[in-house]
Amino acid sequence: EYTIVRYVDPLTGATQDENPLMAIDLVQEYFAKIRSQLVSEEKLETQNIIANPGIQAYYMKNRGDAALKVDLTPHNPLLVTKTGTIAGFPENEFILRQTGKAVNVKMSEVPVENELEEVEHEGKNLNRGLRDYNVVSNVVCRLTNESDGHSASLFGLGYGGYIITNRHLFKNNNGTLKVQSQHGDFIVKNTTQLKMVPVGKTDILIIRMPKDFPVLPQKLRFRAPANEDKVCLIASNFQERYVSSLVSETSSVYPVGNGEFWQHWISTKDGHCGLPLTSTKDGFIVGIHSLSTITNSKNFFASIPANFEEQYLAKLDQQDWTANWKYNPNEVSWNGLRLQENKPGRIFQAVKEVSALFSDAVYEQGQEVGWLFRELKDNLKAVAVLPNQLVTKHVVKGPCQCFIQYLNESPEASAFFKPLMGQYGKSILSKEAFVKDIMKYSKPIVLGEVDFIKFEEGYNNVLRMFHDIGFEKCEYVTDSMEVYKNLNLKAAVGAMYTGKKQQYFEGMSEDEIHQLVIASCFRLWSGKFGVWNGSLKAELRPLEKVQACKTRTFTAAPLDTLLGAKVCVDDFNAQFYDKHLTAPWTVGICKYYKGWDTFMNKLPEGWLYCDADGSQFDSSLTPFLINSVLRLRLEFMEDWDIGARMLSNLYTEIIYTPIATPDGTVVKKFRGNNSGQPSTVVDNTLMVVLAMNYALAKLSIPYEEMDSRIRYFANGDDLLVAVEPTKGGEILDSLQASFSELGLIYDFNDRTFDKTQLSFMSHQALWDGDMFIPKIKQERVVSILEWDRSTQPEHRIEAVCAAMIEAWGYPELLQEIRKFYAFMVTQEPYSAIHAQGKTRYISERALVTLYKDEKVVLSDIGPYIQKLAEMSLGCVDEVVMHQADSMDAGGSSRPPAPLVRQQDQDVNVGTFSVARVKALSDKMMLPKVRGKTVLNLQHLVQYNPEQTEISNTRATRTQFNNWYDRVRDSYGVTDDQMAVILNGLMVWCIENGTSPNLNGNWTMMDGDEQIEYPLQPVLENAQPTFRQIMAHFSNAAEAYIEKRNSEQRYMPRYGSQRNLNDYSLARYAFDFYEMTSRTANRAREAHIQMKAAALRNTKTKLFGLDGKVGTEEEDTERHVASDVNRNMHSLLGVNM
């Protein structure tokens, strides 16, 4: 009711205008300071204040002519009231409260404003402004020391590769130290290895962490406390599922004793030791909480010495301890708020928004208790929320029905295939499977296990090896179109987007793509993280993994990160592929054309071989190993400071990735590689190579002796090792422990002297008498036949052909697949494709050429040519003879080119000339005028118009253009708005048809809102008919129905009314569908039947009622009085 209140001090005349809801104690404090100041200046007597301690309040309204006067005096809880009881409320003693009744006064009686300037300025300095304390809270660590049966837990401050904490953490020092921080959870297994420095005589200790501890930002500033300081206590709340920041109220400080400890008045609890006290004046840390009295009535902090930065922190940097960490530590300690601030710019057209983890909307939707959120712990923390869902649609549709039919009809084939079936199944796409796999990233990181001197030796050996194989300086790929061409356009755009990249880039110009690449690079350079999408991989998995609910997760990079990432890594990766087998990796190898044989021959004969496959490889990679890959890449990249910063920020994002999960939670991981980053295989391979060189350095095997004692090849997490037979076993025995020190889980017990027993990249080497050929297991080949993942019949045919290629080397299996293929092409819908000559025949000679890289000569393909000749003789009447010369009777005469036998071709085709038959013969009967042909045959041969463009069932382009322009003008919209309206019109017509008898309005939806548009401009401007106009939309409508069916069962109303039961024909169930020669027979029959059913018993009147023809006629009837009435005569009593 009242908008402002003016407080007036009757003793000083001072006033203060405030909101009526202002806390009265602040007002009371304001006037008390004014009175104190005047007393000290001897302008006011203390007795006057005692006699008249109260003030007055005038409540006023906007534009009102009256005010309400209220007297305010200090509350006396012992005052006896009119009712005979005391006032009470002793906790409010001396606080101003209303005394007596309020009195209405005129506005003219309200004292004029009189705020004292000097006091106002003083009031401005009472409280300081906003300050960002995230710089401090982001480096707060929680430390737990478990030694000698005792456990102590407190906090510390991360600073580079060091932690600043309390000395009393290590009353016992013979156990493990667990470190929880905003860049992960770590475990130091042996605290006696830690080097520590006490700071003066205070309770402050600096711990030097092991070298594999990722360095933290070094932005903190320290100084000694001062008497005038006000401080606040800052903490990080390490919950099991997330981390949040905490800030206390401010407190004054006071030195105790000789100043090594200071007292503060902030409430604390056990375990709060080590938390920093930060000055609100400048943000400097002045001490860390250390002591409390037994009754917790007083708290003390260890003060920072005056020379702390110069004497301690500056000397720490002199040790060059953090020199080898190349990732950007300033971008590590991000949180959900940072994700919201770093959302992709408008140029990327993101459609989803990241929201805070515990916003009001989150509480309403219950997202904070999502099925994954409940399971989070350790090194997986929830940071934000992003709308998402679990995709359970599988790319593997199910068992191949054609293969099942073949086995049912062929007992011999069934007896052969059944033992090889059932070994693979569809991966499980469930919540449990996702939780099981994603939680592999939650394991704490073990520190201090690595021998850093030996690791540097191994790293330098890898550098030397790169130089020896001729690895050259790499460039940053700044050609935007080159980046675009190397994208997988069938993949999704990202977690904050919808659809595939192909649709995203559709219609974009080169300049627009270039701007996208620049924007992505700028995001990387700025340290802005994109939100990656975590999903389950839909694939065929071995049966034991399916039964154990083990499904691999895929973490895909968003477009806003991916483009810039490819700028940084693509050139290095391309050169890395080219060096396969020259260097100890097979990334980029082609297993065909003797590729696998070359690979196997790289392993010395008679050595001891071992194949090792990493377990939980991606999730076990530590920041230390990934940082080593970054060091190696920067070593071979061109000198460009912008590119180096982009690359460093990229690998920071790869380690500390924000992942959007299916339950809507965005989690932050602190270890491991991402399977969907553009360099996963190369980076994983490099880390295995680094691990191998570290292990060899620990064995003290010099670089020069490596080739004579060990050979190895890596591909991602796959590793193949060959060691000389005398002492090689000792090398293999030591590898597992060395790999484990780096966090990698490998088993090196699968050993053999037979190369054909080795398994590498799921392939084995099969010796066929001449060479090694790569083979996958027969059960895996059969799974291609057993399971159908094709969306089109042509793709299924290609899959069976791929199975034939993979089966070469298993003669019986290949022959059985050929039998199935022969059966398959006789069944619908494959028979129609076969009839068009679109099914492939893969000959034995082609397979030999593919695997063995042998040249094909005429004698090899002679039997095939002979068989084809016999087949053609049985089908045609004409005999075609090979001649010395061939002549084109309808073309210009020219001497035949000499036939020269060409050498070194994959297939020699230059030995015989084949007669050509003209497409149109001039012997046919053609229309003529005065003896001259009226057709241009040369034009006719090339004239192949699109059927729909010349069909009279579709409006011409001119008619469609006129219709479009008139409808757009009638609706008064732009071309961009019209594009959306036509989407709605097409979908409405799919449901309601295009009958000329339509009237009224048509509707489309905008979210939950229904919008109506008049039909009149749509119909009256349609020439020749509305159905012929809508025929232009036929293909789009067909694709739209398919899209709807891919999401859920959908049958247009036109098909439902005809009781169409086959949902595979739903795409043809609309009345403006355009039939062409490409329409399948079954679909054509179904559409015509639906059309016939819709038109049954329909009558169309050629003429309506003619309103111009009159119906008047002259009445010539004559009546007499004896007639019955005016319309009836009477004849002897008979009515006529």
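Residue numbering: from 1, along the chain as shown.
Cβ atoms are placed via backbone N, Cα and C, with glycine included.
Owing to the predicted nature of the structure, the values given are computational and were not obtained by experimental measurement.
Listed features, source Swiss-Prot:
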- H168: active site, for nuclear inclusion protein A activity (ACT_SITE)
- D203: active site, for nuclear inclusion protein A activity (ACT_SITE)
- C273: active site, for nuclear inclusion protein A activity (ACT_SITE)
- 123-341: domain 'Peptidase C4' (DOMAIN)
- 607-731: domain 'RdRp catalytic' (DOMAIN)
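The CA atom of C273 (active site, for nuclear inclusion protein A activity) is located 9 Å away from the CA atom of H168 (active site, for nuclear inclusion protein A activity). Sequence-distant neighbours of H168 (active site, for nuclear inclusion protein A activity) (same chain, six or more apart, CB under 8 Å from its CB) are A152, D203, C273, S290, listed in sequence order. In the domain 'RdRp catalytic' (607-731), the DSSP tally of helix, strand and coil residues is 63 helix, 29 strand, 33 coil. In the three-state DSSP reading, C273 (active site, for nuclear inclusion protein A activity) counts as coil. Mapped onto three states, the DSSP output places H168 (active site, for nuclear inclusion protein A activity) in helix.
If you take every residue in the domain 'Peptidase C4' (123-341) and average the pLDDT, you get 81. Of all Cβ atoms in the shown protein chains, 25 besides its own fall within 10 Å of the Cβ of D203 (active site, for nuclear inclusion protein A activity).
Cβ neighbour count for C273 (active site, for nuclear inclusion protein A activity) (all protein chains, 10 Å cutoff from its Cβ): 24.
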